[in-house]
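Quick notes on the structure that follows.
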Amino acid sequence: MRVTVLDHPLVAHKLTVLRDKDTTSPVFRLLVEELVTLLAYEATRQVRVEPVEIETPVTRTTGVGLSKPRPLVVPILRAGLGMLEGMTRLVPTAEVGFLGMARNEDTLDIITYAERLPDDLTGRQVFVLDPMLATGGTLREAIKFLYRRGAEQITCICLLAAPEGLAALEEELGDSEVSIVLAARDERLNEKSYIVPGLGDAGDRLYGVVD
Ligand SMILES: O=P(O)(O)OC[C@H]1O[C@H](OP(=O)(O)OP(=O)(O)O)[C@H](O)[C@@H]1O
Ligand SMILES: O=c1cc[nH]c(=O)[nH]1
Ligand SMILES: [Mg+2]
């Protein structure tokens, strides 16, 4: 498992505004999109391309195009949905599949309540979007699910991760092909398994509180 934390002043600045409890939902949504576009630039470094012959106004030359099958982007509902626009802005021809998962806030068990993905992901490059990697339970379930379908290379784009969640994933997926790209590695989890300093409940800040 490879973890990359994007070290860039613009990322740090946007993240600071995102963390602020007084930042409103519309601004929060905009900042998430902008941050994801910056993270996606790093996360797609290994995206598969193939040679393409083109003619410029001056001469013939060989460039590159995205290989087929196209990369598959999988936002984890709800909060990951707020990252989709920022990702597809950078990779507009990517396919998109959906996983709906929620963490039971008392037991921390993960339930998968929705799934809309190709049955066969053999050989596919998959980009998973979820802003928060707390205990790591949600990403662990998502990654196992995608591997069972045949995914070959999985890259997770998250805004924040707790060291505890990264360690748990490392223990379970250590020698796999999974990459994780982050805007920040935070300090710790609190007694409710929220990330500290964090930004609160990402889904609620994007879309409002649900019971
Ligand atoms: O690493 P974990 O301990 O599993 O926690 C992280 C998960 O918690 C949040 O989702 P949540 O369950 O709140 O669902 P939501 O997006 O619908 O708010 C977040 O978006 C992650 O999916
Ligand atoms: O800090 C956290 C932990 C889990 N889910 C969130 O949205 N935020
Ligand atoms: Mg939530």
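Placed from the backbone N, Cα and C atoms, the Cβ positions cover glycine too.
Just so you know, TrEMBL annotations never went through curation; they're auto-generated.
Predicted, not measured: the structure shown is a model, and the values here were computed from it.
Going through ARG60, ARG103, ARG116, ARG185 against TrEMBL, the one listed in the 5-phospho-alpha-D-ribose 1-diphosphate site together with ARG78, ASP130, PRO131, MET132, LEU133, ALA134, THR135, GLY136, GLY137, THR138, ASP201 turns out to be ARG103.
Closeness to ligand 3 is met by ASP201, these being the binding-site residues among ALA134, THR138, ILE195, GLY200, ASP201 whose Cβ falls under 6 Å from the molecule. The average pLDDT the prediction assigns to the domain 'Phosphoribosyltransferase' (5-208) is 96.
Long-range Cβ contacts of MET132 (5-phospho-alpha-D-ribose 1-diphosphate binding site) within its own chain (separation 6+, distance under 8 Å): ALA79, CYS158, LEU159, LEU160, ALA161, ILE195, GLY198, ALA202.
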